[in-house]
Amino acid sequence: MGRADPEEGQLPAPVKPPDGGWGWIVLFGCFVITGFSYAFPKAVSVYFKELMKDFHVGYSDTAWISSIMLAMLYGTGPVCSIMVNQFGCRPVMLIGGLLASSGMILASFTTNIIELYLTAGVLTGLGMALNFQPSLIMLGTYFDKRRPLANGLAAAGSPVFLSSLSPLGQVLLEKFGWRGGFLIMGGLLLNCCTCGAVMRPLDAGMKRKTEKAQDKYEAKEMLPMGGKSEEGISTTDGTKKTKKAKKKPKKGKKLLDFSIFSNRGFIIYTISKFILVLGLFVPPILLVNYAKDTGVPDTEAAFLLSIIGFIDIFARPACGMVAGLKWVRPHVAYLFSFAMLFNGLTDICSARASNYTGLVIFCVFFGISYGMVGALQFEVLMAIVGSQKFSSAIGLVLLIEAFAVLIGPPSAGRLVDALKNYEVIFYLAGSEVVLSALFLAMATYCCLNRGKKTPPPEKNPSAGGGSDTEEAESDVQEAEEHSSDNHQPAHGTDKATVAANEEANHVEDEQSGEGGRCPEADGEVSSRAGCNADQTVERDSF
């Protein structure tokens, strides 16, 4: 459909996601940000031995640096959502890049472990969090039909950067020491600012016109008749009074939209993701030590993680391509369930691996399933809540995941110390992932069956299926039709005309039954005078 003319007071059509063009630049920026966010906390572990010597602390003390980074990445999700909704993605990412870089640079001058916690842990972790979440939001803004593929390609940044940052950190440590390495790594993090700079708002050129059109549209709704800003009305004493149109006050923008908790699909996803995170990260954390306990040499044991990373690089884009197929995308939640089930069964089957060949086979299948989970997790969330509410949804989901991250891996480590047996831990972690998969699949199936019994309202998107732009265009088109019907030209302001108009309005109010009450149909955009046209269409993908 063509765009409405803002100068005529009509609402302009929404800007369609280009699914390409500048979106590929945004995708590359998201690829880099995802790589830094997930790989950096693991890459700094190459400096731990030197930090232990200089600060005279144990391994568990230095490991808190990575833990604090991850806690900031997950736990500050709602804060990031509020900042994005208030200031936009680009300013937040620029600030985040400066914070991340400053944290590592300041860490190179620290004299004790506590200062490292505050600089490399808190500052750098917060900076990466302020980059990670907005980059995903922008990716969902620029891609709609190709969004599964875009998510898969962006998620591939994690294994690519993990396989490159760790060797780079080792080289920097040998040539410049840990302080010089921290300085250079801080400089690398300034690339986050570059990635933030390319996150151009999709509606930058339309924002001012849209606000102007909205103001005119609301003003015309409030006019008594005819579309004039003032209208003379004759009174009994022969004088004239003017009746001015009053503009409705604008509703404040929600900094954090908690209405997504009314979406049962979001609740199902959140519970499933919490259970998943309890066991998902346990096998790769314990894999090297598990291999060493079975008699595998140190170099070969470390190579197992490289196998997982290499397979992961190709698994994520491939899974994104599969999820984008027309016959797969409406059922992306079931594909996500299959990926989790595949991952959990891999953990369970590998629990009794007793030689290097068995561990290599485990790493191949774990890399495939782990890549599938990484490629689909945010695509499913976008399909559930839509791009408009994704900024709030991802912040709340990451906050809930933070608790699971703090519970799962530490608890597994304590069980290993107590039982001296890795087999039980792999069984437990795999069972948690399988439980998450079964819960998501069964809950989705039950909710879909319930939805089939009750006919859904019109324009309600199917589960994880259609694009966001189609329903947005239909809402704006409906608003334009109401606007063109209601805005009739004036026929005069004499006393007889005004009386006739007032009588017609009175009859119309009586016929409406509720005196101008707004229609309450879900997703319907009302253009009647005095009605709130800011209703939103709830996306209930499940």
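Backbone N, Cα and C atoms are what each Cβ position is placed from, and that goes for glycine too.
Per Swiss-Prot, topological domain 'Cytoplasmic' is recorded for 1-19 (among others), and the stated evidence type is sequence analysis. In the predicted model, residues of the topological domain 'Cytoplasmic' (1-19) average a pLDDT of 51.
Long-range neighbours of the transmembrane segment (20-40) within the same chain, counting only residues 6 or more positions beyond its ends whose Cβ lies under 8 Å from a Cβ of the stretch, are 69, 73, 93, 100, 124, 128-129, 131-132, 135-136, 138-139, 142-143, 146, 150, 153-162, 165-166, 185, 189, 191-192, 194-196, 198-200. Here Swiss-Prot flags 20-40 (among others) as transmembrane segment.
Among the features that Swiss-Prot reports, topological domain 'Extracellular' is placed at 41-63 (among others), with the record citing sequence analysis.
Annotation comment: Swiss-Prot describes 64-84 (among others) as transmembrane segment, evidence class sequence analysis. Taking Cβ pairs closer than 8 Å, the transmembrane segment (64-84) reaches residues 37, 40-42, 44-45, 48, 51, 92, 116-117, 120-122, 124-126, 128-130, 132-134, 137, 255-256, 391-392, 394-399, 401-402, 405-406 in its own chain, all 6 or more past its ends.
Nonlocal intrachain contacts for the topological domain 'Cytoplasmic' (85-93), taken as residues 6+ away from its ends with a CB within less than 8 angstroms of a stretch CB, comprise 33, 130-131, 134-135, 137-138, 192-193, 195-197, 199-201, 253-256, 391-392. What Swiss-Prot lists as topological domain 'Cytoplasmic' is 85-93 (among others).
Residues or ranges marked as transmembrane segment by Swiss-Prot: 94-114 (among others). Note on the transmembrane segment (94-114): residues 36, 51, 55, 57, 61-62, 120-131, 134, 178-180, 182-183, 185-187, 189-197 of its chain, located 6 or more positions outside it, place their CB under 8 angstroms from a CB of the stretch.
Swiss-Prot lists 115-119 (among others) with the feature topological domain 'Extracellular', giving sequence analysis as the kind of evidence.
Taken from Swiss-Prot, the feature transmembrane segment applies to 120-140 (among others). Counting same-chain residues at least six beyond the ends of the transmembrane segment (120-140), those with a Cβ under 8 angstroms from any Cβ of the stretch are 26-27, 29-30, 33-34, 36-37, 40-41, 44, 64-65, 67-74, 76-77, 79-81, 83-84, 89-90, 92-93, 95-104, 106-107, 147, 150-151, 154, 182, 189, 192, 195-196, 199, 378, 382, 387, 390-391, 394-395, 398.
Panel annotation: around the topological domain 'Cytoplasmic' (141-152), residues 16-20, 22-23, 26-27, 30, 202, 316-321, 323-324, 329, 332, 375-376, 378-379, 382, 387, 467-469 of the same chain, lying at least six beyond its termini, place a Cβ under 8 Å from a Cβ of the stretch. The topological domain 'Cytoplasmic' annotation in Swiss-Prot covers 141-152 (among others) and rests on sequence analysis.
Residues 27, 30-40, 42-47, 50, 135-136, 139, 180-181, 184-185, 306, 308-310, 312-313, 316-317, 320, 371, 374-375, 378 of the same chain sit 6 or more residues outside the transmembrane segment (153-173) yet have a Cβ under 8 Å from a Cβ within it. The annotation transmembrane segment is assigned in Swiss-Prot to 153-173 (among others).
As annotated by Swiss-Prot, topological domain 'Extracellular' applies to 174-181 (among others). Tertiary neighbourhood of the topological domain 'Extracellular' (174-181): same-chain residues 47, 50-51, 54, 108-109, selected by CB-CB distance under 8 Å and a gap of 6+ residues from either end.
Per Swiss-Prot, the feature transmembrane segment maps to 182-202 (among others); the stated evidence is sequence analysis.
Positions annotated as topological domain 'Cytoplasmic' by Swiss-Prot, on the basis of sequence analysis: 203-265 (among others).
For 226-247 (among others), the entry in Swiss-Prot reads region 'Disordered'.
Sequence annotations record features per position, and here Swiss-Prot assigns transmembrane segment to 266-286 (among others) based on sequence analysis. Sequence-distant neighbours of the transmembrane segment (266-286) (same chain, 6+ residues past either end, Cβ-Cβ under 8 Å): 260, 305, 308, 340, 343-344, 347, 350, 366, 370, 373, 377, 380-381, 384-385, 393, 396-397, 400-401, 403-405, 407-409, 412-413, 416, 422, 425-426, 428-433, 435-437, 439-440, 443-444, 447, 542.
Within the chain, the topological domain 'Extracellular' (287-301) has long-range Cβ neighbours (under 8 A, six or more residues past its boundaries) at 308, 353-356, 359, 363, 416, 422, 426. The topological domain 'Extracellular' annotation in Swiss-Prot covers 287-301 (among others).
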> Which one, 302-322, 331-351, 393-413, has the most C-beta pairs under 8 Å toward the transmembrane segment (358-378)?
Replying inline: 302-322
> the topological domain 'Extracellular' (352-357): which same-chain residues, six or more beyond its ends, come within Cβ distance under 8 Å?
Replying inline: 291, 294, 296, 300, 423
>> How about long-range neighbours of the transmembrane segment (302-322): same chain, 6 or more residues beyond its ends, C-beta under 8 Å?
In response: 148-153, 155-156, 158-160, 162-163, 284, 287-288, 291, 328, 335, 339, 359-360, 363-364, 366-372, 374-376, 379
>> Checking distant contacts: for the topological domain 'Extracellular' (115-119), what same-chain residues at least six beyond its ends satisfy Cβ-Cβ under 8 A?
In response: 51, 55, 64-65, 68, 103-104, 106-107
